[in-house]
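Undergrad: Annotated active site, proton acceptor per TrEMBL: Lys39, Tyr269, in sequence order. Residues or ranges marked as N6-(pyridoxal phosphate)lysine in TrEMBL: Lys39. The feature substrate binding site is assigned by TrEMBL to Arg136, Met316. Sequence annotations record features per position, and here TrEMBL assigns domain 'Alanine racemase C-terminal' to 248-374.
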Amino acid sequence: MVSPAGAERTALIDTAAIRHNVRTIAEFVRPAKMMVAVKADGYGHGALTVARAALDAGADWLGTAHVTEALALREAGIEAPVLAWLHTRGTDFAQAIEHHIDLGVSGWELEEVAAAAASLQTPARIHLKIDTGLGRNGSTMAAWPDLLQRVRQHQEQGLISVEGIFTHLAVADEPDRRETDEQLSAYRQALEIAAEHGIVADLRHVANTPAALSRPDAHFDMVRVGVGVYGQSPFADRSAESLGLKPAMELRTTVSNVKVVPAGQGISYGLTHRVDRPSALALIPLGYADGIPRSAVHAPVSINGTLYRSAGRVAMDQFVVDLGPADTDVQVGDEVTIFGGASGISAAEWGTASGTINYEIITRIGARVPREVTDTSAAAA
Ligand SMILES: *Cc1c(COP(=O)(O)O)cnc(C)c1O
């Protein structure tokens, strides 16, 4: 894919890859339904772009962290079921109820959601969240019976309708760890206790992408998948390709300077790297303001289809690539791919080079990088 003339920096988002990934994951999880997580602007890909492509490919639900993210989907005309699960005292539950947004409830939110429902005279649709071991959001097992009792009362008053009961896994990306078994058995126990309180939800959901792909016993009625839909592997030891997933983002730019420097030349702030022979250097106009981690060391970059490595520190706006011996063919304006597309470079490799994971690499691509939406299936037709 070639960026349009003049595009200085582009995150090319391929909707065909998103649709392909939704269908690929659906094959793993059927007959369970699929919620696609489009929080954080669709992991940096553009929430609306991803939402539309995912629904087009058969996704049943959309998931966001914040109500504001869910409301933005509604404002854009998306009518599919949406769940938002991370709230603060400032969250506008009334707006959520009015716009048919389902709400994750871990504890304190219940009374506020019920009050909003009462003022609107419309029942709120909630999904109760139980903490089965992650130690983040969700009701503790100890607080669960009391929460259920309160839910029961609000239900009887017609203020609350329990649509789902869910939990989130801590180590599903390491499929052999026993803590996932422990979380699943705690979850089943929480379902039983709920049933004893007369609360049975149609949508039991637990699995994130790694569990969707590796733990059929975690599928229940629905899976909540994010990273896999973006064509990224959730596993440290498995490539996206080996899972049948296609990266949906290609980060591109062009070479903004080329020059030859003598042996001993230091490169970028801190002079953490010096070339040990006369070398050609290419300047890449992307930096940490664009989401390229400052911590990246010896990170891969494709220029005209050839693999090179970064040299020295990533700065705010730019970093340097060592092209090797001084007689280079690389010129100002040549095509650069940081990851994705035909480069063969994965966001996961950038994660490894930066002490982080592919999730963070794709999600943090900055606002200074325009997203350009493409559909490679249409281009090929
Ligand atoms: C982000 C998120 C997911 C999706 O996780 P992936 O690992 O990207 O599939 C699922 N559930 C919850 C609660 C989340 O916050």
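FYI, residue positions are counted from 1 along the chain as it appears here.
Note: Cβ is positioned from N, Cα and C throughout, glycine not excepted.
Keep in mind the model is a prediction, meaning the values are calculated, not measured.
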Undergrad: Spatially, which candidate from the recorded positions Arg136, Tyr269, Met316 is nearest to Lys39 (active site, proton acceptor), comparing Cα atoms?
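TA: That would be Arg136, the closest of Arg136, Tyr269, Met316 to Lys39 (active site, proton acceptor).
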Undergrad: Over all shown protein chains, what is the count of other CB atoms within 10 A of the CB belonging to Lys39 (active site, proton acceptor)?
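TA: Result for Lys39 (active site, proton acceptor): 19 neighbouring Cβ atoms inside 10 Å.
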Undergrad: Rounded to a whole angstrom, what is the C-alpha distance between Tyr269 (active site, proton acceptor) and Arg136 (substrate binding site)?
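TA: Tyr269 (active site, proton acceptor) to Arg136 (substrate binding site), Cα-Cα distance: 38 Å.
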Undergrad: What are the helix, strand and coil residue counts for the domain 'Alanine racemase C-terminal' (248-374) according to DSSP?
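TA: Within the domain 'Alanine racemase C-terminal' (248-374) the tally stands at 23 helix, 47 strand, 57 coil.
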Undergrad: DSSP three-state call for Lys39 (active site, proton acceptor): helix, strand or coil?
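TA: DSSP assigns Lys39 (active site, proton acceptor) to helix.
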Undergrad: Around Arg136 (substrate binding site), how many other CB atoms lie within 10 A of its CB?
TA: 11
Undergrad: So if I measure Cβ to Cβ from Met316 (substrate binding site) and keep only same-chain residues at least 6 apart in sequence, which ones fall under 8 Å?
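TA: Non-local contacts for Met316 (substrate binding site): Gly287, Tyr288, Ala289.
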